[in-house]
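Database features, via TrEMBL:
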COMPBIAS  1-13  compositional bias 'Polar residues'
COMPBIAS  14-37  compositional bias 'Basic and acidic residues'
DOMAIN    22-85  domain 'BZIP'
REGION    1-59  region 'Disordered'
Amino acid sequence: MASTQQAVSSGSDADQRYAKFDERKRKRMESNRESARRSRMRKQQRLGELMSETTQLQNQNSICRERIDSVERNYCAIDAENNVLRAQIAELTERLNSLNSLTQFWADATGFPVDLPEIPDTLLEPWQLPCPIQPIDASSDMLLF
């Protein structure tokens, strides 16, 4: 009888070991499931953050494009205005030269001395004027739209 009890008890020990092994396996599987669930939650949260950041960056990009377009339009308008002013300078210089020629012709014909100054080239190139150039005050706020 002792041997049957020993066989039963050894069977019982094996069952207990398997039960402990099955319990550990079940706990590990449960822990893995929970870990995978948390990982999916973090991944979903990160995806949401990235989607939000993408939307924000697209909005900022759109605003920057609008600003660039506005500056480009302003540049084109100013460039066109500068071209008109350059044409006006050329026309007025030509008129002044014509008037100076007529005045000189009249002075030569009548004998009256007339002092006609030469038209300086700086009228055609105002950036080369001999006068002191005033500094341009600028700040970073000027670039804000």
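Yeah, the Cβs are placed from backbone N, Cα and C, and that goes for glycine too.
Where the annotation comes from TrEMBL, it is an automatic prediction and has not been curated.
Each residue of the domain 'BZIP' (22-85) gets a DSSP state, and the totals for helix, strand and coil are 64 helix, 0 strand, 0 coil. Mean per-residue pLDDT, taken over the domain 'BZIP' (22-85), amounts to 95.
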